[in-house]
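S.K.: For reference, TrEMBL lists these features for the protein:
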DOMAIN    3-117  domain 'Response regulatory'
MOD_RES   Asp52  4-aspartylphosphate
DOMAIN    134-199  domain 'HTH luxR-type'
Amino acid sequence: MYKVCIVDDDPSTCRALRRLLDAAGYQTTTHQSATEYLAAPATATPDCLLLDIHMPELDGLSLQTKLNETGDAPPIVFLTGRGDVPMSVQAMRAGAADFLLKPVDEDDLFAAIQRAVTERKKDLPPSNADEEKLRAHLALLTPREDEVLDVMLTGALNKEIAAKLGIAERTVKMHRARLMRKLDAKTLLDLAPYIPFKQN
């Protein structure tokens, strides 16, 4: 069975998630800080890391960076009590498997863990078929929609996109709705697979 580690500074959250995952048959460990997790033996590296993004001392994004630098990063599912678009973009760019808002829906949590441990998206390049599909979707965008997408992926809000591109905010909303539809994306996180293509 998969090993899942929970890193969250809230003891009640750790207990609740551990009970849930233990009942589902996962081997679960908990840590109440990023430094505590880093001090754990290397043999304890989990198959999936449930990581709170807002913690004192060392936050979740900083821990992700440290793990990426050492090459010891397991698939990470971020948990946060607040919706933060720039942070979600940063986390996905750095290879996070998923980004869930608290209180976490049980089905969403199990689905995220399953995807994380089976797909390991951050370590596997897209297949040729997937890459062709993504490029085909991007080819549907107008030049202006492509510009809006570039700025969206920095985590900018609509009014910030409007200011940067010199267009009205309502125009940004129109382009945003159209490009999301063309890219078959419902949320910003659905745009994560396109990030590598926009970095070229």
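Numbers run from 1 along the shown chain.
Each Cβ is built from the backbone N, Cα and C atoms, and glycine gets one as well.
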S.K.: Do you know the DSSP helix, strand and coil residue counts for the domain 'HTH luxR-type' (134-199)?
M.R.: 49 helix, 0 strand, 17 coil
S.K.: For the domain 'Response regulatory' (3-117), how many residues does DSSP put in helix, in strand and in coil?
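M.R.: Its residues fall into 53 helix, 24 strand, 38 coil.
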S.K.: Which ones in the same chain are close to Asp52 (4-aspartylphosphate), with CB under 8 Å and 6+ residues apart in sequence?
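M.R.: Correct list: Val7, Asp8, Asp9, Asp10, Thr13, Gly60, Phe78, Leu79, Thr80.
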